[in-house]
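Student: So TrEMBL lists the following for this protein:
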type	residues	note
DISULFID	22-145	disulfide bond
DISULFID	59-65	disulfide bond
DOMAIN	23-165	domain 'Peptidoglycan recognition protein family'
DOMAIN	31-171	domain 'N-acetylmuramoyl-L-alanine amidase'
SIGNAL	1-20	signal peptide
(Lines of atoms letter the chains of each structure in order from A and count residues from 1; the text may use other names and numbers.)
(Lines give C-alpha, C1' and ligand atoms only; values in the text may rest on other atoms or scores of the structure.)
Protein backbone atom coordinates (compact mmCIF):
# COMPACT_ATOMS: atom_id res chain seq x y z
CA UNK A 1 0.00 0.00 0.00
CA UNK A 2 1.40 3.44 -0.85
CA UNK A 3 1.91 6.20 1.75
CA UNK A 4 -1.15 8.17 0.62
CA UNK A 5 -3.44 5.14 1.01
CA UNK A 6 -1.98 4.41 4.47
CA UNK A 7 -2.60 8.00 5.59
CA UNK A 8 -6.14 7.85 4.19
CA UNK A 9 -6.90 4.62 6.08
CA UNK A 10 -5.50 6.03 9.34
CA UNK A 11 -7.48 9.25 8.93
CA UNK A 12 -10.66 7.25 8.32
CA UNK A 13 -10.08 5.21 11.49
CA UNK A 14 -9.54 8.40 13.52
CA UNK A 15 -12.67 10.04 12.12
CA UNK A 16 -14.73 6.91 12.78
CA UNK A 17 -13.49 6.90 16.38
CA UNK A 18 -14.45 10.54 16.94
CA UNK A 19 -17.83 10.24 15.21
CA UNK A 20 -18.66 7.19 17.33
CA UNK A 21 -18.28 9.36 20.45
CA UNK A 22 -20.27 12.30 19.07
CA UNK A 23 -24.05 12.43 19.15
CA UNK A 24 -25.93 13.41 16.03
CA UNK A 25 -25.27 17.14 15.71
CA UNK A 26 -27.88 19.23 13.90
CA UNK A 27 -26.12 22.20 12.31
CA UNK A 28 -27.31 25.80 12.41
CA UNK A 29 -28.32 25.55 8.76
CA UNK A 30 -30.32 22.38 9.43
CA UNK A 31 -32.39 23.93 12.25
CA UNK A 32 -32.83 27.25 10.43
CA UNK A 33 -30.65 29.58 12.50
CA UNK A 34 -30.54 33.28 11.76
CA UNK A 35 -27.20 34.76 10.75
CA UNK A 36 -25.08 35.92 13.64
CA UNK A 37 -21.56 36.98 14.39
CA UNK A 38 -20.00 35.99 17.69
CA UNK A 39 -16.50 36.24 19.14
CA UNK A 40 -14.09 33.35 19.25
CA UNK A 41 -13.62 31.71 22.61
CA UNK A 42 -10.40 33.30 23.93
CA UNK A 43 -9.43 30.35 26.16
CA UNK A 44 -9.20 27.13 24.16
CA UNK A 45 -9.64 24.34 24.74
CA UNK A 46 -12.37 25.35 27.16
CA UNK A 47 -11.58 24.32 30.75
CA UNK A 48 -15.24 24.45 31.85
CA UNK A 49 -18.55 22.97 30.71
CA UNK A 50 -21.61 24.75 32.11
CA UNK A 51 -24.83 22.72 32.00
CA UNK A 52 -28.24 24.38 31.62
CA UNK A 53 -31.89 23.68 30.99
CA UNK A 54 -33.91 26.11 28.89
CA UNK A 55 -36.79 26.29 31.41
CA UNK A 56 -39.21 26.01 28.51
CA UNK A 57 -40.88 23.27 26.54
CA UNK A 58 -39.13 19.96 25.95
CA UNK A 59 -38.98 18.49 22.46
CA UNK A 60 -38.90 14.90 21.25
CA UNK A 61 -38.93 15.24 17.45
CA UNK A 62 -36.55 16.86 14.98
CA UNK A 63 -39.21 19.35 13.86
CA UNK A 64 -40.18 20.36 17.41
CA UNK A 65 -36.55 20.72 18.51
CA UNK A 66 -35.67 22.83 15.46
CA UNK A 67 -38.65 25.08 16.25
CA UNK A 68 -37.50 25.36 19.88
CA UNK A 69 -34.01 26.37 18.72
CA UNK A 70 -35.50 29.11 16.52
CA UNK A 71 -37.72 30.31 19.37
CA UNK A 72 -34.80 30.43 21.83
CA UNK A 73 -32.56 32.20 19.32
CA UNK A 74 -35.26 34.82 18.66
CA UNK A 75 -35.77 35.37 22.41
CA UNK A 76 -32.04 35.74 23.00
CA UNK A 77 -31.45 38.05 20.03
CA UNK A 78 -34.67 40.10 20.03
CA UNK A 79 -35.57 39.99 23.72
CA UNK A 80 -32.12 40.05 25.33
CA UNK A 81 -30.31 41.95 22.57
CA UNK A 82 -27.59 39.30 22.30
CA UNK A 83 -25.59 38.64 19.13
CA UNK A 84 -26.96 35.08 18.87
CA UNK A 85 -28.44 32.23 20.86
CA UNK A 86 -26.54 32.18 24.15
CA UNK A 87 -25.61 28.48 24.27
CA UNK A 88 -22.93 26.65 22.34
CA UNK A 89 -25.17 23.57 22.07
CA UNK A 90 -28.58 22.39 23.21
CA UNK A 91 -29.81 18.81 23.34
CA UNK A 92 -33.33 17.61 22.66
CA UNK A 93 -35.09 14.61 24.13
CA UNK A 94 -34.90 13.15 20.63
CA UNK A 95 -31.22 12.44 21.42
CA UNK A 96 -29.78 15.00 19.00
CA UNK A 97 -27.44 17.89 19.82
CA UNK A 98 -28.25 21.23 18.20
CA UNK A 99 -25.46 23.61 17.31
CA UNK A 100 -26.01 27.00 18.90
CA UNK A 101 -22.92 29.17 18.73
CA UNK A 102 -20.93 26.00 18.19
CA UNK A 103 -17.41 24.96 19.10
CA UNK A 104 -14.80 27.63 19.70
CA UNK A 105 -17.29 30.50 20.05
CA UNK A 106 -17.84 32.59 23.19
CA UNK A 107 -21.30 32.07 24.62
CA UNK A 108 -23.68 34.31 26.57
CA UNK A 109 -24.90 31.73 29.04
CA UNK A 110 -23.02 32.10 32.36
CA UNK A 111 -21.47 35.39 33.48
CA UNK A 112 -17.90 34.87 34.63
CA UNK A 113 -17.57 31.69 32.55
CA UNK A 114 -18.55 32.79 29.04
CA UNK A 115 -14.96 33.36 27.95
CA UNK A 116 -13.72 30.02 29.24
CA UNK A 117 -16.54 27.51 28.84
CA UNK A 118 -18.78 25.58 26.53
CA UNK A 119 -22.41 26.21 27.45
CA UNK A 120 -24.59 23.15 26.95
CA UNK A 121 -28.15 22.54 27.93
CA UNK A 122 -31.17 20.36 27.49
CA UNK A 123 -34.36 21.82 26.05
CA UNK A 124 -37.08 21.64 28.68
CA UNK A 125 -37.71 22.29 32.36
CA UNK A 126 -36.03 19.85 34.72
CA UNK A 127 -36.97 21.01 38.19
CA UNK A 128 -38.91 17.90 39.18
CA UNK A 129 -37.75 15.33 36.63
CA UNK A 130 -34.52 14.65 34.80
CA UNK A 131 -34.20 14.68 31.01
CA UNK A 132 -34.89 11.35 29.35
CA UNK A 133 -32.13 8.81 28.72
CA UNK A 134 -31.66 9.90 25.10
CA UNK A 135 -30.98 13.51 26.13
CA UNK A 136 -28.69 12.57 29.01
CA UNK A 137 -26.67 10.24 26.77
CA UNK A 138 -26.42 12.86 24.03
CA UNK A 139 -25.24 15.52 26.51
CA UNK A 140 -22.56 13.26 28.01
CA UNK A 141 -21.46 12.16 24.53
CA UNK A 142 -21.29 15.79 23.40
CA UNK A 143 -18.83 16.52 26.21
CA UNK A 144 -16.74 13.48 25.22
CA UNK A 145 -16.94 14.60 21.59
CA UNK A 146 -15.71 18.08 22.51
CA UNK A 147 -12.76 16.60 24.38
CA UNK A 148 -11.94 14.27 21.45
CA UNK A 149 -12.06 17.15 18.97
CA UNK A 150 -9.88 19.37 21.17
CA UNK A 151 -12.59 21.97 21.97
CA UNK A 152 -12.90 20.99 25.64
CA UNK A 153 -9.83 20.41 27.80
CA UNK A 154 -9.33 16.79 28.85
CA UNK A 155 -9.14 17.98 32.47
CA UNK A 156 -12.29 20.16 32.18
CA UNK A 157 -14.65 20.82 35.07
CA UNK A 158 -18.43 20.44 34.78
CA UNK A 159 -20.75 22.75 36.71
CA UNK A 160 -24.42 23.62 36.72
CA UNK A 161 -25.44 27.14 35.73
CA UNK A 162 -26.56 27.84 39.32
CA UNK A 163 -22.96 27.53 40.44
CA UNK A 164 -21.98 30.49 38.25
CA UNK A 165 -24.86 32.85 39.04
CA UNK A 166 -27.95 32.94 41.27
CA UNK A 167 -30.51 30.94 39.27
CA UNK A 168 -32.55 27.76 39.55
CA UNK A 169 -30.98 26.49 36.30
CA UNK A 170 -30.48 23.66 35.39
CA UNK A 171 -33.39 22.69 37.64
CA UNK A 172 -33.13 20.77 40.91
CA UNK A 173 -33.63 17.32 39.42
CA UNK A 174 -31.17 17.83 36.56
CA UNK A 175 -28.61 19.50 38.83
CA UNK A 176 -28.70 16.46 41.13
CA UNK A 177 -28.21 14.24 38.07
CA UNK A 178 -25.18 16.10 36.70
CA UNK A 179 -23.56 15.96 40.14
CA UNK A 180 -23.06 12.23 39.40
CA UNK A 181 -21.38 12.86 36.02
CA UNK A 182 -17.62 12.65 35.47
CA UNK A 183 -15.60 15.78 36.27
CA UNK A 184 -18.42 17.54 38.16
CA UNK A 185 -16.89 20.23 40.38
CA UNK A 186 -18.86 20.92 43.58
CA UNK A 187 -16.41 23.56 44.81
CA UNK A 188 -16.60 26.46 42.39
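Glycine residues also receive a Cβ, built from the backbone N, Cα and C atoms like all the rest.
Please treat TrEMBL annotations as automatic predictions, because they have not gone through curation.
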Student: Return the count of C-beta atoms lying within 10 angstroms of the C-beta of residue 65 (disulfide bond), excluding that atom itself.
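Tutor: For residue 65 (disulfide bond), the 10 Å Cβ neighbour count is 24.
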Student: For the domain 'N-acetylmuramoyl-L-alanine amidase' (31-171), how many residues does DSSP put in helix, in strand and in coil?
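Tutor: For that range the per-state counts are 38 helix, 31 strand, 72 coil.
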Student: Where among the disulfide-bonded residues 22, 145 do you find the Cβ with the fewest other Cβ atoms within 10 Å?
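Tutor: Counting other Cβ atoms within 10 Å of each of the disulfide-bonded residues 22, 145, the minimum falls on 22.
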Student: Could you round the CA separation between residue 22 (disulfide bond) and residue 65 (disulfide bond) to a whole angstrom and send it over?
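Tutor: Each residue's Cα considered, residue 22 (disulfide bond) and residue 65 (disulfide bond) end up 18 Å apart.
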Student: Can you give the mean pLDDT for the domain 'N-acetylmuramoyl-L-alanine amidase' (31-171), rounded to a whole number?
Tutor: 97
Student: How many neighbouring Cβ atoms, not counting its own, are there within 10 Å of the Cβ of residue 59 (disulfide bond)?
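Tutor: Here the count is 25.
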